[in-house]
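K.L.:
TrEMBL lists these features:
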SIGNAL    1-27  signal peptide
DOMAIN    29-329  domain 'Plant heme peroxidase family profile'
DISULFID  Cys39-Cys116  disulfide bond
SITE      Arg66  site 'Transition state stabilizer'
ACT_SITE  His70  active site, proton acceptor
BINDING   Asp71, Val74, Gly76, Asp78, Ser80, Glu89  Ca(2+) 1 binding site
DISULFID  Cys72-Cys77  disulfide bond
DISULFID  Cys122-Cys325  disulfide bond
BINDING   Pro164  substrate binding site
BINDING   His194  heme b binding site
BINDING   Thr195, Asp243, Asp251  Ca(2+) 2 binding site
DISULFID  Cys201-Cys231  disulfide bond
Amino acid sequence: MEYSHRSRLLLVCSVLVLCLVTRGARCDELTSDFYDWTCPGVYDVVQQQVFSAMREEPRMGASLLRLHFHDCFVNGCDGSILLDGADGEKFALPNQNSVRGYEVIDAIKADIENMCPGVVSCADIVAIAAGYGVLFSGGPYYDVLLGRRDGLKANQSGADNGLPSPFEPISSIVQKFADVGLDTKDVVVLSGAHTIGRARCVLFSDRLTSTKSSADPTLDATMAADLQKLCTGGDGNQTTALDVSSADVFDKQYYHNLLSKKGLLTSDQGLFSADEDVVASTTKALVQTYSDDGEQFFSDFGASMVKMGSIPLPAGSAGEIRCNCRVPNKK
């Protein structure tokens, strides 16, 4: 059914009234059916665009997943990572030459604005795109909860300081997860996203030496030598697969790699090889569990993605529905 712009606005208002009647003050809660009446074609548009992007470059599934993760960890999942400007989150150190997929989100947003103007937030588009990126890589389907609003400004310092670093010890990463309401299990589960995607030499070259031996005893020596060949003489931007066994397939192989010292990043291998303490014993046991049981990993991954996607925004953040994901709406 086609709706005029006026009819669609009336429909949006009706849905909001219904929300107030049935949920009271809880209209800001995320739901899986948020756009069922106001923009029912949103899933088809996102699905088609993500499928097309991944057909050209399978790695894009991992990039969209990473985009969602890096958005949610700074001020909650508000699409602020998409905002342009020198002080934007996309130019924070952890995101430069790392986070990708902005053009895919732009293309999705343009199609959706033609179909349902002013209805679907950029933050929700990122969340749905990440879900399809996982699914089309062979990973689990999970319900993506929707109803987010777009942030009005970026937080570059928050991205610089709040995003987990591949160089950090596991205890520090666990604390950063805890700061946004996630726990140690979520650390291990969401790290499993590294079953797809690639990383630059600059993120792991500190584990290497110029010999066949590894500077990091928790890194397989043969793998270290291969990585040294890749990275020697470059500018640090050469890339290799995060999962050496099945680079573009979302599976449990990431955890198998950790058992044999083939985790690429310090933060990956630390989940299994960190010095024993309460945190390390917990992460090690979970790595073992997921290496044995792919179905459990898939189930827990979906649950942790929903949990991450529900990280609350700062108090008083009203937000908006951006017309262009790269800039706030003009007042």
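Positions of Cβ are set from backbone N, Cα and C atoms, glycine also.
No curator has checked TrEMBL annotations; they are predicted automatically.
Describe the structural surroundings of these features, if you would.
P.N.:
Its own atom aside, the Cβ of Cys116 (disulfide bond) has 21 Cβ atoms within 10 angstroms in the protein chains shown.
The C-beta environment of Arg66 (site 'Transition state stabilizer'), restricted to residues of the same chain at least 6 apart in sequence and closer than 8 Å, consists of Ser98, Val99, Arg100, Gly101, Ala193, Gly197.
The Cβ of His70 (active site, proton acceptor) lies under 8 Å from the Cβ of Ile81, Glu89, Pro94, Asn95, Val99, Ala159, Leu163, each on the same chain and at least six residues away in sequence.
Around Val74 (Ca(2+) 1 binding site), taking its Cβ as the centre, 27 other Cβ atoms fall within 10 Å, counting all chains.
Taking Cβ-Cβ distances under 8 Å and a sequence separation of 6 or more, the neighbours of Pro164 (substrate binding site) in its chain are Phe73, Ser172, Ile173, Lys176, Phe177, Ser267.
Packing around His194 (heme b binding site) is summarised by its Cβ count: 24 other Cβ atoms lie within 10 angstroms of its Cβ, all protein chains included.
Just so you know, the Cβ of Asp243 (Ca(2+) 2 binding site) picks up 26 other Cβ atoms within 10 Å once every protein chain is counted.
Using a 10 Å radius centred on the Cβ of Cys201 (disulfide bond) and all shown protein chains, the other Cβ atoms total 19.
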K.L.:
Among the recorded positions Cys77, Asp78, Ser80, Asp243, whose Cα is within 10 A of the Cα of His194 (heme b binding site)?
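P.N.:
The recorded positions close to His194 (heme b binding site) (Cα within 10 Å), listed in sequence order, are Asp243.
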K.L.:
Tell me, if you would, which residue among Cys39, Cys122 (disulfide-bonded residues) has the fewest other CB atoms within 10 Å in the structure shown?
P.N.:
Cys39
K.L.:
Going by a 10 angstroms cut-off between Cβ atoms, which of the disulfide-bonded residues Cys72, Cys77, Cys231, Cys325 has the sparsest surroundings?
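P.N.:
Minimum Cβ neighbour count within 10 Å, taken over the disulfide-bonded residues Cys72, Cys77, Cys231, Cys325, occurs at Cys231.
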K.L.:
I want the residues beyond Asp71, Val74, Gly76, Asp78, Ser80, Glu89 whose C-beta is within 8 angstroms of the mean position of the Ca(2+) 1 site's C-beta atoms, in chain order.
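P.N.:
For the Ca(2+) 1 site the neighbour list reads His70, Cys72, Phe73, Asn75, Cys77, Gly79, Ile81, Ala123, Gly151, Ala154, Asn155, Gly158, Ala159.
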K.L.:
Using C-alpha positions only, work out which of the disulfide-bonded residues Cys116, Cys201, Cys231, Cys325 is nearest to Asp71 (Ca(2+) 1 binding site).
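P.N.:
Going through Cys116, Cys201, Cys231, Cys325 one by one, the Cα closest to that of Asp71 (Ca(2+) 1 binding site) is Cys325.
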K.L.:
Name, in the order they occur in the sequence, the residues of the same chain whose CB lies under 8 A from the CB of Asp251 (Ca(2+) 2 binding site) and which sit 6 or more residues away.
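P.N.:
Residues satisfying the criterion: Gly138, Gly139, Thr195, Gly294.
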K.L.:
Which of these binding-site residues is closest to Cys201 (disulfide bond) if you go by CA atoms: Val74, Gly76, Asp78, Ser80, Asp243?
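P.N.:
Nearest listed residue in space: Asp243.
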